[in-house]
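S.K.: Before I ask anything, here is the structure I am working with.
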Amino acid sequence: MSKGRAEAASGAPGILLKYLREQNRPYSAQDVFGNLQREHGLGKAAVVKALDQLAQQGKIKEKMYGKQKIYFADQDQFDMVSDADLQSLDAKIVALTATVQSLQQSCRHMEAELKELTSALTTPEMQREIQELQKECAGYTERLKNIKAATNHVTPEEKEQVYRERQKYCKEWRKRKRMASELCDAILEGYPKSKKQFFEEVGIETDEDYNVKLPDP
């Protein structure tokens, strides 16, 4: 056993007695060990030995629950508490519980706000972002200025002429496609092979072969 562990074990009875009196509730040896091991560095064997020693000395009480032994402070050392005092303590517990819940909610709100702030841009980062956006905006402004100053604009009349020609050619395209389709269907009625084989032999290429779609009228 190390020197530190030995010193902790020697002081274990005093530590455990104080703890049981302050908590004033029943604990198993495992509970006490788990609650105090990190703070005081007590080993499991030292805890069990100290609890048994305190019980033999009458400083604490022990009781068997099935196969488990429970330890708790001697209740004779505490003053009797009246019903009024108990009710007062219950009221304080309710009030403190409400305060804790309110504080926890405030903490959650503050944590969410902190998370939002830490993920936001810093002031220098915002300044750099503004400069970049201003530079980008100036570029677009200059580009728009050049477009407006250009002399080769398309007039409304020229635009309308293009649309009329497009409509004319699409109409002719649709007409010829329908005529070709009807002609092929008439031939295929007496053709012994499939439509695909007929197209291959004749050398017919369709819009679908080139993923071309006829525009809507």
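Cβ atoms here come from the backbone N, Cα and C positions, even for glycine.
Look at TrEMBL and you will find 86-150 tagged as coiled coil. Per TrEMBL, domain 'Homologous-pairing protein 2 winged helix' is recorded for 12-73. As annotated by TrEMBL, domain 'Leucine zipper with capping helix' applies to 154-210.
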S.K.: Quick one: mean pLDDT on the domain 'Leucine zipper with capping helix' (154-210)?
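M.R.: Residues in the domain 'Leucine zipper with capping helix' (154-210) carry a mean pLDDT of 87 in this prediction.
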S.K.: Please list, for the domain 'Homologous-pairing protein 2 winged helix' (12-73), how many residues fall into helix, strand and coil according to DSSP.
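M.R.: Final tally across the stretch: 37 helix, 14 strand, 11 coil.
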S.K.: Within the domain 'Leucine zipper with capping helix' (154-210), count helix residues (DSSP H, G, I), strand residues (E, B) and coil residues, in that order.
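M.R.: The composition, in the requested order, is 45 helix, 0 strand, 12 coil.
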